[in-house]
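Peer 1: I have a structure I would like to understand better, so I am pasting it below and will then ask my questions one at a time.
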Amino acid sequence: MRVSSIEAEMENPIDVDKTDVEGELKIKQVTLLRENIVKKIVFFLVAIFCSDRPSVLKKVFYEEVSKQEEATHVYVLASDLTDYIEEASLKENPEEGGEKSIYFVNRLQKYIYHKKQNKFRAIEYFIQGKSYSEIANNKPLATGRVDQLLAYYGKSEIEINVPSFLTLMWREFKKPINFLLYFGIIVWGIEQMYVSTAITVVFTTTINSLICIYIRGVMQKLKDACLNNTSVIVQRHNGQGYQEITVASNMIAPGDIVLFKREVTLPFDCVILEGSCQVTEANITGENVAIGKCQIPTDHHNDIFKYESSKSHTLFQGTQLMKIEDDILKVIVVRTGFGSYKGQIIRALLYPKPFNKKFQQQAVKLTILMATLLLIGFLSTLSRLLDIELPPLFIAFRFLDILIYSAPPGMPMLIAITNFVGLKRLKNNQILGQDPNSASQAGRIQTLCFDKTGTLTEDKVDLIGYQLKGQNQTFDKIQCQDPNNISIEHKLFSICHEVTKINNKLLGDLMDVKMAEFSTLDIDYDHEAKQHYSKSGNKRFYCIQVNQFHSEYQSMSVVCKEVDMITKEFKHYFFIKGSPEKIQSLSHVQSSEKAQLSTLINEGYRILGFGYKEIPQSEIDAFLDLSREQQEANVQSLGFLIYKNNLKPDTQEVIKEFKEACYNIKVISGDNPITTLKISQELEIVNRKNPTVIINFEETENVKSHLIITEIQPDNSTQVIDFSSAQNEQDYINKQMSYCCDAFLNNKSFCFSGKAHYYFQLKAKTDHISFKPEWVKMQDKSVQKIISFYQMLIINTNVFARTQPEQKQTIVRLLKESDQIVCMVGDGANDCSAIREADVGISFAEADGQFSSSYVSLSTSLSCVKRVLLEGRVNLSNSVEIFKGYLQVALLRYLGFLTLAYFYSSYSSGQMDWQALASGYFLVYLILGCNTPLKKLEKSVFDDNLFSIYNVTSVLFGFTLHILSIVGCVESLHASPIYKEVNSLDAENNFQFETQHNTVLNFNILINFFYVIISNHIGKPMKDRYYKNTIAIYYDLGLIYTCKCMILQVLLILEHTHHGLIFLILLLDQEFSSSLTVQVYFSLPMNLFLPEEFSLNFTQEVKKEKELLICNSSSTILEVDYNLRLNYFQQNF
């Protein structure tokens, strides 16, 4: 073993090479760091507080180094601009002759430094770029070599470490937001408010425990879904020769040659060396259909292996091996663990994209504003506190309370628990939520993007029949023919697919199965020739080569060998089927054929074109060696297959409700523009009474290509808009942009094709244009105009057709960049990347494909989207409600503290407990989590911007009202004949708790709690009315009864009472221990609560101090002597 020389200095930061094992979680740069242990020991609290701020930790506790042996950690900057600090070590790099290189793990993916390229690179088995012949010539690994590879690549398993409950609790408790809580607990402890401290600790621990239990449950479920420990047969070299041994699947290393002899769930990604099979990739794509896989073509020895173009030869981890066509399937393992395709999906789930923190950022700013107001209040009373010689420690407490009450630490926990309750409600409705952060985000959704097939429409399709080109007759069945002389289209229907027969049942893509059934020919497999075939009479039609369907080609094709089993004569055909536009582009099409296609599409059918060409016997070997593009050139179009794809039963009703609620609805489909438009018109997403503009593109050789803009009238007549008068390319773009702007203003609908996306992608490549927001303003005006044109089309278009998976992701990303909150709904197949890109993703797939989405519906009904949106509105409104209410209550309590300190008093520990627990700014907001969503979506104009005029005004109004109520209570008390003044602290130089100020302000706060809860409540259109929350109503009634406010019994009108406003004072026996003596209720205008004849009496000022008005249960008014008052209260309280 050779040891590397690692003394050479390295540049910081170091770039990271792209690989095929990172998936979406890529990293850009790595910086070598050395940890300063002394600083971490001295400033360990800072290290904990900044644990989620790697950039801060880097500056404080680490220093950059340029030598590998000096580095203890690395600073990682990811492609999504998140950053991490990871531990680093030296590891042998077998790709560089065993030299030691610096190595680290980021988000479960291993990276190692490559000296030759001066780049870091994710650890992967090198196969991409190798020729098929090189791969086919791989030999079994030596037994000793396997152990080295396992140490380098890791075990072949997706091992998800479910953190222990205590580990998760520690993560929760060390979040920076909780440090305010700890600060508050320390202050409360010094102030000897032990019960209040205990209540806070218990509630915090309980809420965090529930959250941690939920997280563990989700992770355990994911871990169970990833477990796939099985036994496999592997070929190894033991020094004397090759042998077949059975080992556990997790002990397989990349490069191992494995033999499959039975059906199994694949535990790794592998490439087929020998044999063919049928698999279902439902665990990956969400589509439970049989897919044929075959061995790599050994006769194409110079062809290069690429994962994207070699899917027909690649088996992915998690797929189910349904049928092995021959006795054995020989494969070479290429990707394992989190580097496999499934592993990449799981990594993306475990490390989701950073969510929008706008609400949190606004909350911090509003908290600072409130803290400023409290500081002003504190400073305004400071001179008084100093004049009465209040001990400095007490003044310090009041100052420190600013931090506690302006940024209540329990607030994030309350918001989290309401989100948790929302997820549980969704689970009861067969909707699984993966990310609690998306619970409130669903309430902000503005734009809904839907895949068409399987989402808006049913998964199943019906084959109506077919038409031959130039004929308008639709054949709903194959015409009777001589079985030994069937038509060319009959041959094509029977073999141009990847359908297989398992247990006498045809399995495969639904459209392929329908076509194969339509052909009526028997389908089988020839074990000797190792080929699928169909048969009719004496003829067999063998499939000798398959070009699988790919979104880039929009077609699938086969090379067919027709054999007469009696005469042994044979012919060769090339059959192709796919999008009709694709087939027409490959053949010479007459205008009549285009009109025929247009007629079929306008009837709303889903159309496949099909064609063929016969291959001369002398050319067949050369033809098989041609590329796919060359094989598909110059085919002869035959006609069209006609399918009908019906809407789901509830689609129309649900979409109508979305439209009435003013959501921006977009359909993003891979189907052709006209079919997608017809579905959109049927759902009234597009107004069929208005013209529709289709944006398309056709690349033409030797001619400068531009967008093709076609306008379709309501009567289905079409017109290609002519821009030939443009003087140059920029003028051409300006004219097209001007036309589109006018079309938008005239309420014309737009359909944007995938080829139009390709036009802008081509523009970006040839003209060096960047569509990234941070680069837009740095480019010249002509370029900015193109970017604006593209963005304008994406934002204003409602129908996207012939869209490839990566284009769907681009659409969602551009919508997000235009400040829209986007929800993507798909079936989990070609929509995974777009679903993950969206702010909220919803999938219908009951498979591992579901893990790309925030929510997974176990039913196929579109109503699940409605439920998610309704629940999101509840969570969002609860979050705003809790934030505003919790903050107002905290401010109210702090103002009470300041006021009481002004009069040598403070709240007792018991009163603090009562305020915090029974009166409920804690319990009540927990109960608010039980607010239920509405039954129907309504138009919402809810603004969760905490700095909106309404929200700021309501908070400031509440703040003002609280101050006025405190002033009113104190002034009323001072004017009362029973007022007793307190002029000093108690004998032990502590606050006095048994004072009238204490009781008055305590009851004032309790009553104001109800005002805060009710005034901040957000009902329709976000959630049900407050009175429909049964638990909250009963709880409130219980508090009212406890406070003796259920029945108004005594009203005392004081001299200074303003007309129309009353103070309701309930007197209690002063000997009632240290409890409450006077309750003051500052109400709204009394005529809202009392009959008119009473209002007339109450608005008169009563100047006799000993006159008392008692309103009993029979609503009669009595005048009694003041002495009777105490007797009355002694009997009734």
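Using the three backbone atoms N, Cα and C, a Cβ is placed for every residue, glycine included.
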Peer 1: Would Swiss-Prot have Ser79 on the same side of the membrane as Glu988?
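Peer 2: That fails: Swiss-Prot puts them on different sides.
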Peer 1: Go through 35-53, 364-383, 888-906, 949-972, 995-1018 and flag the stretch with the largest number of C-beta pairs under 8 Å relative to the transmembrane segment (168-190).
Peer 2: 35-53
Peer 1: Per DSSP, to which secondary structure element type does Asp831 (Mg(2+) binding site) belong, with helix, strand and coil as the options?
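Peer 2: Asp831 (Mg(2+) binding site) sits in coil per DSSP, no helix or strand.
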Peer 1: Including all protein chains displayed, how many Cβ atoms other than that of Asp451 (active site, 4-aspartylphosphate intermediate) lie within 10 Å of its Cβ?
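Peer 2: The answer is 27 other Cβ atoms.
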Peer 1: Let me know the most crowded of the binding-site residues, choosing from Asp827, Asp831 and counting other Cβ atoms within 10 Å.
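Peer 2: Going through Asp827, Asp831 one by one, the largest Cβ count within 10 Å is at Asp831.
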Peer 1: By DSSP, what is the split of the topological domain 'Extracellular' (29-34) into helix, strand and coil residues?
Peer 2: 0 helix, 6 strand, 0 coil
Peer 1: In DSSP terms, helix, strand or coil for Asp451 (active site, 4-aspartylphosphate intermediate)?
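Peer 2: Asp451 (active site, 4-aspartylphosphate intermediate) sits in coil per DSSP, no helix or strand.
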Peer 1: DSSP on the topological domain 'Cytoplasmic' (1019-1030): how many residues come out helix, how many strand, how many coil?
Peer 2: 4 helix, 0 strand, 8 coil
Peer 1: Which residues, given as numbers and ranges, are at least 6 beyond the ends of the topological domain 'Extracellular' (384-396) yet have a Cβ under 8 Å from it?
Peer 2: 901-902, 904, 985, 989, 991
Peer 1: Cβ pairs under 8 Å only, please: of the recorded stretches 35-53, 364-383, 949-972, which one is richest in them relative to the transmembrane segment (995-1018)?
Peer 2: 949-972
Peer 1: Under an 8 Å Cβ to Cβ limit, what residues of the same chain, 6 or more beyond the ends of the topological domain 'Cytoplasmic' (1019-1030), are close to it?
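Peer 2: For the topological domain 'Cytoplasmic' (1019-1030), the far contacts come to 443, 661, 873-874, 876-878, 927-928, 930-934, 937-940, 942.
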Peer 1: Give residue numbers and ranges for long-range contacts of the topological domain 'Cytoplasmic' (932-948): same chain, 6 or more residues beyond its ends, CB-CB under 8 A.
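Peer 2: Beyond its ends, the topological domain 'Cytoplasmic' (932-948) has Cβ neighbours at 359, 362-363, 365-366, 425, 443-444, 657-658, 660-662, 866-867, 869-871, 873-874, 876-877, 879-880, 883-884, 1018, 1020-1024, 1028-1029.
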